[in-house]
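**Q** The structure is given below, and queries will be raised subsequently.
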Amino acid sequence: MQLHHSKHHAAYVNNLNIAEEKYREALEKGDVTAQVALQPAIKFNGGGHINHSIFWTNLSPNGGGEPEGELLEAIKRDFGSFKNFKEKLTTVSVGVQGSGWGWLGFSKEQGRLQIAACSNQDPLQGTTGLIPLLGIDVWEHAYYLQYKNVRPDYLKAIWNVISWENVTARYMACKK
Amino acid sequence: MLCRAACSTSRKLVPGLGALGSRLKHSLPDLPYDYGALEPHINAQIMQLHHSKHHAAYVNNLNIAEEKYREALEKGDVTAQVALQPAIKFNGGGHINHSIFWTNLSPNGGGEPEGELLEAIKRDFGSFKNFKEKLTTVSVGVQGSGWGWLGFSKEQGRLQIAACSNQDPLQGTTGLIPLLGIDVWEHAYYLQYKNVRPDYLKAIWNVISWENVTARYMACKK
C-alpha cells in the first residue's frame, strides 16, 4: 500500500502535472504536433491518477461482505446473482494480459451494469464511456510483493476489503 | 551451442496420442546458470519465480493454446482460430522472449562488446555509450508491461532499438531479429528494485552476455 500510494500514484500525479503544463504551452502556440505527441503521457498519467483515486475509495478496512439494496438488485438483474458477478469480475481481472484493470462500470446508454477490462492506465470512462464504480488494479505492483505470480490469490483476498458503501454511492450518483 | 542460442524455442517429442502420432510440444528451457548466479544484480528469488513460474506458465499455456488451434484448423473453424490468436501471441511471445532473455544474461557478463558487433553499434548509434543510454531510456519508458530490444533489420542491414508491449514478440510484430531483450514487466525486478525501474536497468548491464548477443548478430547478418 505504501509503495502503491506514495510512489506509483504520486508519480502519476507529478507526471500528469508536467504533461498538462507542456500541453498548455502547445495549445497556446497552436502546435498540434506537440499536442498529439503529449497524448500518451496525458492518457497514461491522467488515467493512472483517475484510476488510483477511485481505487483507494473502493477499498476499506471495514469492507467485504455483499452489497444491499438497489445495487444488489441491479447486480442480480444484470449478472444473475452476486456470485455470478463476483466470478465474472474475478475472471476478467485475472485474465488481463500484462498490466491493466478489471472494472465494474455503469452504461448510461443501456441503463445497466457492465464488466470491462482496460489495458495499462487507460481510464474506463475516457476509453469506453462506462462510468467507473469498482476497479481492481492488476498491475503486478499491486500485489507482487505479497502474492508473487499468483494473481488469483490476490483476487480472492481483495473481496475482503471492497467498500460496498463506496461502490453503492458511485452507482446512485450515476443512475440519476 | 549456437543453435540453442539462436533458436528461440525448444521442443521435445512426447508420446503419441493414439492414431494421431507423436506431437511436438514446447518445453521450458533450463537456465544456463543457478538462480543465484546473477546476484547482486538480479536476485535469486526473482530468477526462480521468473523462470520456474512465469516462463513455465507461458510454456504450458502455449501448448494448450496450440492444441486447441490444431483442432480448430482440422475443423476449418476460422472463428475459433481468430479467437485463439491472443493466447498464441501472448504465451508464444512469452516463451520466445524469455528463452532469448536467459541466454542474453550471464554471471560472466557485463563490460562491452568487441569486434564486428561493436563496430556495428558505433556505426548505427554513434558510440556504445549512446546505444546503452538509448536502450535504457526506451526500456525505462515502456508504459505498462513490455520489453526493450536491440534488434537487427535485414531490410536495412542495420541495428535498431525497439519497444514491444506485453509479450508481443519482436520478430513476429516488427520483423526485426531479436539480439538483446530487456524484460521490464514488474515481475522482472519488483521484489528487488520495487518501483525504481531505472535502478534495475543500471544493474542489468552488469550481466549482459555480449558473447551471446554477438553470436545472435553474426547468425542473422549472413
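Placement of Cβ uses the backbone N, Cα and C atoms for every residue, glycine included.
Predicted automatically and left uncurated, TrEMBL annotations should be read as such.
Not my notes, these are from TrEMBL:
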type	residues	note
BINDING	B:His50, B:His98, B:Asp183, B:His187	Mn(2+) binding site
DOMAIN	B:25-106	domain 'Manganese/iron superoxide dismutase N-terminal'
DOMAIN	B:113-216	domain 'Manganese/iron superoxide dismutase C-terminal'
**Q** For the binding-site residues listed here (B:His50, B:His98, B:His187), which one has the lowest count of neighbouring CB atoms within 10 Å of its own CB?
**A** B:His187
**Q** Could you put numbers on the helix, strand and coil content of the domain 'Manganese/iron superoxide dismutase C-terminal' (B:113-216), residue by residue per DSSP?
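**A** Tallying H, G and I as helix, E and B as strand, the rest coil: 54 helix, 24 strand, 26 coil.
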**Q** Applying the rule Cβ within 8 Å of the centroid of the Cβ atoms of B:His50, B:His98, B:Asp183, B:His187, what extra residues of the same chain belong around the Mn(2+) site?
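**A** Same chain, not in B:His50, B:His98, B:Asp183, B:His187, Cβ within 8 Å: B:His51, B:His54, B:His55, B:Phe101, B:Trp185, B:Ala188.
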**Q** Within 10 Å of the Cβ of B:Asp183 (Mn(2+) binding site), how many other Cβ atoms are there?
**A** 25
